[in-house]
């Protein structure tokens with residue numbers, strides 16, 4: 001192993017146990033700046049839990065997560081966001097009662113304290129940034145609509161947009177194309193190719209075609225542990241992976 | 001529903017002006033001094049209801065203990081007024097002249113330390129706002145940083161309301177006990193019991209209420225207001241967008257508490273006493289009903305809801321005192337089942353479209369269609 005500080009994200013010996021059940025067990029992996037890492041694995045492998053641990057939603061039992069050399073395991077959720085980690089949830093998690101514009105505006109990284117939010121001004125910078133992101137996520141024509149009226153795919157894009165406006169250095173996406181129609185999938189792949197420039201991305205995905213298309217490196221989890229890691233070709237050829245996952 | 005370009009919608013402004021006209025012009029014009037004082041008393045509850053619209057409606061934090069803050073504000077004011085009327089001359093027949101009468105009856109011979117600062121009106125006015133806000137901060141900090149929410153939070157606030165009532169009743173010598181602090185006469189020498197004083201206090205109260213509504217509208221139209229709606233809906237998403245959710249909840253809870261305190265102080269001034277009956281579980285739940293009837297998303301609806309329910313309470317309880325509580329319970333159930341958005345919801349979904357249709361028809365003949373007071377709801 002090279003010097004851990006070279007990595008954008010270094011996860012080492014990470015373990016979390018729920019009443020004795022180890023959802024993530026001695027997990028280690030490293031993400032380089034600008035890398036797209038895809039995590040695959042059968043249901044219950046601990047993929048989502050691993051993301052929960054990184055973003056602070058779940059607290060680790062032991063082990064360490066360092067982001068640009070900073071330990072994340074004892075930071076609060078919003079501090080982890082401020083450090084530059086963004087997280088998209090599996091189900092589209094957006095504010096249904098607000099407009100698309102307001103959804104993006106609330107995610108704009110300024111005025112994050114109580115006082116800051118009170119005096120926050122919707123200035124030209126905010127409008128421009130919102131317009132720019134809306135165009136990327138194909139929602140320019142829907143800015144004034146209440147978010148609850150968007151389609152499932154549009155909601156997924158909106159949440160991705162809400163993360164993009166924060167401009168995180170590490171973006172974590174949990175099944176970004178799940179439940180999308182064929183044409184939406186193609187557009188999402190296009191969107192992801194656009195947004196991964198200049199940042200690292202961790203993606204959980206089941207769609208193998210999609211994974212092959214975007215992944216630099218694939219990590220395969222099974223029962224909370226890494227069983228294989230490397231290029232898609234390497235992983236697909238690994239007999240252990242075939243046995244637990246691809247063979248099914 | 002949303003306002004991308006115009007932060008304060010025109011309809012909302014019209015709604016605000018209409019409610020201002022109702023409480024500043026129409027009600028004083030159609031009621032006598034006695035009834036006006038009663039309306040003034042009702043309007044002090046509207047402070048609490050407005051606070052609940054922000055806290056419960058916007059942010060989804062249901063507090064069943066807002067009577068705590070109303071009562072604390074009221075008690076702060078009552079302590080000042082009581083000290084003013086307990087001069088050594090006025091209380092010369094007591095065994096210890098110069099202390100409030102109920103202390104003397106309870107064999108207390110010295111003014112307790114926490115009563116001392118209430119000789120000052122400036123201190124009292126600050127305390128009316130700060131004492132409720134500080135208690136709300138303590139409760140909010142303890143609950144929200146531990147992520148206690150929803151029904152658990154509601155039950156805890158209810159328990160605190162019960163505890164505070166028991167404490168006030170139990171510490172009779174310091175608080176006046178179950179009778180409360182009574183026989184309040186003057187404010188800096190100005191007799192508050194006369195009809196003219198009561199009329200002036202009505203208008204002071206009305207202006208303060210309008211100011212509080214205006215301030216609440218501003219809070220709601222700031223980004224903070226949208227964050228409150230966002231966290232009601234998807235708390236985790238707000239947290240993982242880089243906000244300290246607990247801090248925002250504490251803020252709105254303290255804000256609601258502070259304005260409830262102002263309402264309590266105005267209650268004491270207009271009614272002339274304060275007692276534990278306005279602190280406990282029952283008044284706290286009644287205040288939630290005022291808010292629900294008005295429409296919990298509508299700051300202006302809260303005022304109408306409070307007035308309507310209290311008017312109903314007075315009218316019914318004069319004729320059928322036993323039935324009132326059942327009627328109140330039935331009203332709450334009916335509102336929740338049939339009109340979850342209260343009066344404001346009925347206005348928006350039924351009256352407003354009708355008015356629009358009518359005004360469109362006349363608007364074809366006249367150049368300018370009439371703007372309707374449609375801003376009851378968001």
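Using N, Cα and C of the backbone, Cβ positions are placed for all residues, glycine too.
Looking at B:87-111, B:287-311, the stretch flagged in TrEMBL as transmembrane segment turns out to be B:287-311. Most Cβ pairs under 8 Å with the transmembrane segment (B:42-64) belong to B:287-311, among the candidate stretches B:200-219, B:240-267, B:287-311. Where the transmembrane segment (B:151-170) meets the stretches B:13-30, B:121-144, B:200-219, B:240-267, B:323-347, the count of C-beta pairs under 8 angstroms peaks at B:121-144. Within its own chain, the transmembrane segment (B:121-144) is flanked in space by residues 68-69, 72-73, 76-77, 79-80, 153, 156-157, 160, 187-188, 245-246, 249-250, 253-258, 260-262, 264-265, which lie at least six positions past its ends and keep a Cβ under 8 Å from the stretch.
Taking every listed stretch (B:13-30, B:200-219, B:287-311, B:323-347) in turn, the largest tally of C-beta pairs under 8 A with the transmembrane segment (B:240-267) is reached by B:200-219. Listed as Cβ neighbours of the transmembrane segment (B:323-347) (distance under 8 Å, sequence separation of 6 or more from its ends, same chain) are residues 286, 289, 291-298, 300-301, 304-305, 308-309, 312-313, 316-317, 374, 376-377.
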